[in-house]
Number of protein chains: 2
Amino acid sequence: MADQNSDRETGSKLDPKYDSNGLITAVVTDDSSRDVLMVAHMNAEALKLTLDTGIVHFFSRSRQQLWKKGETSGNILEMTGVRIDCDQDALWITARPAGPACHTGATSCFYRKIQDGALEQAE
Amino acid sequence: MADQNSDRETGSKLDPKYDSNGLITAVVTDDSSRDVLMVAHMNAEALKLTLDTGIVHFFSRSRQQLWKKGETSGNILEMTGVRIDCDQDALWITARPAGPACHTGATSCFYRKIQDGALEQAE
């Protein structure tokens, strides 16, 4: 186990640690503003499609199906780079968004800040 | 349900949507470099401590206990801001790190990029 963990942390082999639902967390930041746009999940198929096409795909936990981000709205995310963390259970994707990343129409899903225990519009 | 979801998305009430294990995903970025430093999880206690003290706390899934980041290493994360996403199931924390955020000694846990199906050191 120790060696397996060590390989995962230091090696050059892509070996994502999917959770019990077969998913890995993916953070997407804007390549230009560097804001965090959204946090979602990928299964192996979504990750493969993202890497193969350069267009970000997720797995929708609510709909339980592959989700090409922006397929309906047109607001796709064009991947510019992807990193994986030390224990390979999270991805950091940099992307060029074609439009608002959030389904609410906001540029980022993180449009509210926590201030004094309540939520306020973020700048 | 529709109203509950709508309130959660548009309201000013902090109402984190914890998963079945009582956890919410937290992304930490460097307030200065704006790099993603790490992705971890918080339970309600860790979030409260983070908000109350301004020092980032997580819940360690491997150790199943509260985890004050940097308690042993000294590499604490001083929170400079925190946002929550549309459906309130993810947090984006900006922080000033006292040292390397990763237990490997790397500045960020995301020290490798995926390139042609393998991992390479990120710049």
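Our numbering is plain: 1 for the first residue shown, then up by one each step along the chain.
The backbone N, Cα and C atoms fix where each Cβ goes, and this holds for glycine too.
Taken from TrEMBL, the feature Mg(2+) binding site covers A:ASP85, A:ASP87, A:ASP89. The Zn(2+) binding site annotation in TrEMBL covers A:CYS86, A:CYS102, A:CYS109. Here TrEMBL flags A:38-111 as domain 'Phosphoribosyl-AMP cyclohydrolase'.
For A:ASP87 (Mg(2+) binding site), the count of additional Cβ atoms within 10 Å of its Cβ stands at 15 [all protein chains shown]. Most buried of the binding-site residues A:ASP85, A:ASP89, judged by other Cβ atoms within 10 Å, is A:ASP85. When Cβ atoms from all protein chains are considered, those within 10 Å of A:CYS102 (Zn(2+) binding site) total 20, not counting its own. Separation of the C-alpha atoms of A:CYS109 (Zn(2+) binding site) and A:ASP89 (Mg(2+) binding site): 22 Å, rounded to the nearest whole number.
Cβ neighbour density within 10 Å is lowest for A:CYS86 among the binding-site residues A:CYS86, A:CYS109. Looking at the domain 'Phosphoribosyl-AMP cyclohydrolase' (A:38-111) alone, the prediction's average pLDDT is 97.
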